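Listed in TrEMBL for this protein:
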ACT_SITE  ASP58  active site, for OMPdecase activity
ACT_SITE  LYS60  active site, for OMPdecase activity
ACT_SITE  ASP63  active site, for OMPdecase activity
BINDING   ASP9, LYS31, THR113, ARG163, GLN171, GLY191, ARG192  substrate binding site
DOMAIN    3-207  domain 'Orotidine 5'-phosphate decarboxylase'
Amino acid sequence: MNKIILALDVCDFKKAEKLVKETSSYIDVYKVGPILFLWSGKEIVKMIKDSGKEVFLDLKFHDIPATVKRSVESAKELGVFSLTVHSAGGEEMLKAAAAVENRPRIWAVTVLTSQITVPQEVIKRAKLAKTCGIDGVISSPLEIGLIKKECGKEFNVITPGIRPAKTDDDQKRVSTPEVAVKEGADFIVIGRPILEAVNPAEAAKSIYGSIIKN
Ligand SMILES: O=C(O)c1cc(=O)[nH]c(=O)n1[C@@H]1O[C@H](COP(=O)(O)O)[C@@H](O)[C@H]1O
């Protein structure tokens with residue numbers, strides 16, 4: 001499975017379908033977050049799966065343990081590959097999510113890449129997630145090495161905040177795809193650098209080319 005996850009942050013089924021068709025040579029996992037899921041949740045998951053691809057359901061569950069447990073069970077019924085919870089939900093919530101049998105992979109958001117933080121806060125949350133039986137964390141590319149060192153190589157690290165070229169937007173803790181992969185990211189999550197490119201397929205191809213060289 002290749003390491004690029006394309007964030008389908010669009011609010012139109014047809015647009016999402018076109019993006020999946022155009023980029024399928026370079027992407028195996030597509031991220032569906034609230035923007036798209038609220039428009040056409042189940043249909044979009046089906047379309048991606050029917051295209052032979054995997055779905056990363058990024059709804060960042062953060063609620064009381066019983067609600068999160070049932071949300072994970074619902075995501076399991078959808079047949080997604082992975083989903084997110086927020087580590088700030090705490091130990092009991094994380095354990096309730098992890099305890100669901102035969103569930104998708106669960107990744108916990110540590111500190112959003114749009115926020116400035118100290119690495120110690122990210123590590124604290126990553127360690128908590130690991131202790132609770134969560135499979136990995138979402139963090140910025142700047143913390144990959146530290147998380148792998150503290151939580152072990154098997155613990156997944158998924159990094160948004162990926163910028164092939166410098167941009168001026170809401171992402172604060174960023175790196176290039178090459179650096180993130182070199183640092184040990186299991187997956188890199190990319191949205192706008194592909195979605196807003198003049199030619200999304202070419203942008204995906206170029207990022208793919210840059211990481212398979214490593
Ligand atoms: O959970 C996420 O995927 C996520 C966590 C985080 O800390 N930062 C972050 O940017 N994301 C998501 O990753 C994607 C990044 O998109 P771009 O900034 O357009 O490349 C968006 O869909 C965000 O919702």
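Note that Cβ sites are derived from N, Cα and C of the backbone, with glycine treated the same way.
Here the features listed in TrEMBL are placed on the structure.
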residue: ASP9; record: substrate binding site; Cβ neighbours (10 Å): 17
residue: LYS31; record: substrate binding site; Cβ neighbours (10 Å): 25
residue: ASP58; record: active site, for OMPdecase activity; Cβ neighbours (10 Å): 26
residue: LYS60; record: active site, for OMPdecase activity; Cβ neighbours (10 Å): 19
residue: ASP63; record: active site, for OMPdecase activity; Cβ neighbours (10 Å): 15
residue: THR113; record: substrate binding site; Cβ neighbours (10 Å): 23
residue: ARG163; record: substrate binding site; Cβ neighbours (10 Å): 17
residue: GLN171; record: substrate binding site; Cβ neighbours (10 Å): 17
residue: GLY191; record: substrate binding site; Cβ neighbours (10 Å): 19
residue: ARG192; record: substrate binding site; Cβ neighbours (10 Å): 16
Assigned conformation of ASP63 (active site, for OMPdecase activity) - DSSP reduced to three states: coil
Shortest C-alpha distance to ARG192 (substrate binding site) - which of the active-site residues ASP58, LYS60, ASP63: ASP58
Within the predicted model, mean pLDDT of the domain 'Orotidine 5'-phosphate decarboxylase' (3-207): 97
Cα proximity to ASP58 (active site, for OMPdecase activity), best match among binding-site residues ASP9, LYS31, THR113, ARG163, GLY191: LYS31
Rounded distance in angstrom between the Cα atoms of LYS60 (active site, for OMPdecase activity) and ARG163 (substrate binding site): 22
Sequence-ordered binding-site residues from ASP9, ARG163, GLN171, ARG192 with Cβ under 6 Å of an atom of ligand 1: ASP9, GLN171, ARG192
Max CA-CA distance, Å, over listed substrate-binding residues ASP9, LYS31, THR113, ARG163, GLN171, GLY191, ARG192: 17
Inter-residue Cα distance where the pair is ASP63 (active site, for OMPdecase activity) and ARG163 (substrate binding site), in Å: 31
